[in-house]
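Below is one structure, written out as structure tokens; comments come after it.
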Amino acid sequence: MMTLQQLLPNTTLPATAAGVVLSGLQLDSRKVMPGDAFLAVQGVASDGRQFVSQAIAAGAVAVLAEAETFSVQQEQAVPRVNFPGLSRSVGELAARWYGEPGSAMNVVGVTGTNGKTSITWFLRDALNALGHRCALVGTLGLGLKDNEQITGHTTPDPITLQAGLARVLEAGADTVAMEVSSHALDQHRLGPTPVSVAVFSNLSRDHLDYHGDMEAYLAAKSVLFTRDGVKLAVINCDDPVAYSLVGCLADGVRCVTFGDQTGATVRCASVAFTAEGTNAELNVGGESFSVTLPLFGRFNLSNLMAVAGILHGQGVSTDSLAGALAAITPVPGRMEPVQQAGCPTVIVDYAHTPDGLEKALQACRAHFAGRLFCIIGCGGDRDTGKRPQMAAVAERGADHVVFTSDNPRSEDPQKIIDEMCAGLTDTGSVQIIVERDRAVMDTVQAASDGDVILLAGKGHEDYQEVNGVRYPSDDRDLAHKAFNARGGAQ
């Protein structure tokens with residue numbers, strides 16, 4: 001509980017408003033409970049100021065909005081406060097409400113187009129093996145291991161984030177491995193949460209429907225590395241923008257690099273890819289050791305090196321580091337094999353960018369010897385410019401390609417596929433099966449038991465989103481159903 005004046009210590013309020021006791025903060029008028037303060041933020045998709053009356057009807061006892069027409073008047077039963085820059089300040093307000101929980105933990109923020117989920121997942125496993133209690137914030141949820149709560153976003157809204165940080169702190173977390181999206185950085189979702197370690201995985205085309213161009217996309221990512229409190233930066237030195245990020249670091253920030261370059265702090269001395277995973281020799285700070293893990297793809301080796309860099313940069317010895325990396329487990333829906341005797345191997349992966357798809361296809365080639373099938377679609381109401389690029393990557397990288405649906409949302413699935421086809425050199429080179437379940441079924445039937453099928457785009461997701469409705473659909477379940485229909489051994 002907190003008064004309105006305590007929430008807004010730098011705002012002059014009438015006594016009747018200042019003493020209003022709040023029981024919670026809410027951004028969504030539909031979720032307002034009696035006693036809450038409603039923060040009517042003007043967002044990208046909707047404007048909270050249009051729902052003030054609904055929030056008050058639901059029991060809101062105060063309303064904050066960026067609106068000059070708002071003023072606190074003595075006679076108002078529900079104080080309405082004009083708060084300039086509210087959208088940029090929600091994180092600060094939420095952190096104040098929850099007691100700034102991030103300040104009591106070591107927060108590691110990971111940004112980049114691809115790899116955020118895997119790096120944070122691997123880091124949590126490794127830190128837990130070292131005796132820490134590390135919480136996860138990202139695509140797969142917010143929480144300690146096996147107690148994640150799905151938030152619906154890579155980086156949740158500021159109130160959900162601070163509430164989650166408070167929850168994991170109370171549960172004993174000492175470290176947080178957080179995915180930090182470009183949207184979150186641009187929208188100030190982290191608020192004042194101190195990030196002590198900033199990590200960069202890579203940069204390739206994505207989210208240009210939001211950022212407009214790659215320069216703005218990079219600028220949003222760069223914000224993570226210029227935040228106050230960053231003590232360690234861990235950067236993929238193989239990416240062309242790496243040294244741009246190094247150049248923006250403040251004096252005194254230690255920089256650890258990982259990649260294939262000779263001068264990298266963390267690099268791979270040798271690697272062998274098998275149908276069971278990856279065997280690699282890593283060199284970390286001049287010392288070498290071997291790791292064998294059930295991980296697929298060179299990009300996962302890069303993710304592994306990022307984690308090694310984070311731990312090395314925080315003083316973990318090589319011996320302890322080797323043991324911690326050995327405890328890493330595969331990420332659900334990230335190069336996840338689904339197998340059944342007598343059937344082709346299906347690899348379920350979240351790849352939904354041209355670069356991510358290309359790397360997933362390359363991984364399948366490296367680990368498996370049979371023909372390579374690729375089932376791919378593109379999400380509706382998202383960056384349309386990458387659709388032909390995704391198609392071109394699939395055509396170039398696979399032996400057989402099937403275009404299908406992938407969360408069409410409000411768009412016509414066939415229209416999305418038609419736009420993908422613009423990137424093909426031969427439109428007759430692909431098969432089009434709009435229904436995703438049928439695409440999986442038919443492809444499993446067509447492939448041989450020594451072949452591999454990359455089922456890309458949805459990964460861990462357990463739904464297909466059509467016109468605002470999320471229908472149950474899990475690619476792993478679709479693969480098992482296709483195996484059973486084919487008659488593979490149980």
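Yeah, the Cβs are placed from backbone N, Cα and C, and that goes for glycine too.
Small disclaimer: the values here were computed from a predicted structure and weren't measured.
Annotated ATP binding site per Swiss-Prot: Gly112, Thr113, Asn114, Gly115, Lys116, Thr117, Ser118, in sequence order. Counting only residues at least six positions away in the same chain, the Cβ atoms of Val199, Phe200, Ser201, Asn202, Leu203, Lys221, Asn236 sit under 8 Å from the Cβ of Gly112 (ATP binding site).
Residues annotated as N6-carboxylysine in Swiss-Prot: Lys221.
Cβ neighbours within 10 Å of Glu461 (meso-2,6-diaminopimelate binding site), excluding its own Cβ and spanning all shown chains: 18. What Swiss-Prot records for Arg382, Asp406, Asn407, Pro408, Arg409, Gly457, Glu461 is meso-2,6-diaminopimelate binding site.
Annotation source Swiss-Prot lists motif 'Meso-diaminopimelate recognition motif' at 406-409. Averaged across the motif 'Meso-diaminopimelate recognition motif' (406-409), pLDDT for the predicted model comes to 98.
DSSP assigns Arg409 (meso-2,6-diaminopimelate binding site) to a strand.
Straight-line distance linking the Cα atoms of Gly457 (meso-2,6-diaminopimelate binding site) and Asn114 (ATP binding site), rounded to a whole number, equals 12 Å. Each residue contributes its Cα atom, and for Asn114 (ATP binding site) and Pro408 (meso-2,6-diaminopimelate binding site) these two points are 21 Å apart. All chains included, 17 other C-beta atoms sit within 10 angstroms of the C-beta of Arg409 (meso-2,6-diaminopimelate binding site). Cα spacing between Gly115 (ATP binding site) and Arg409 (meso-2,6-diaminopimelate binding site): 25 Å, rounded to the nearest whole number. Taking the centroid of the Cβ atoms of Gly112, Thr113, Asn114, Gly115, Lys116, Thr117, Ser118 as the ATP site, the other same-chain residues with Cβ within 8 Å of it are Val110, Ile119, Glu179, Ser201, Asn202, Asn303. In this structure, Lys116 (ATP binding site) is part of a helix by DSSP.
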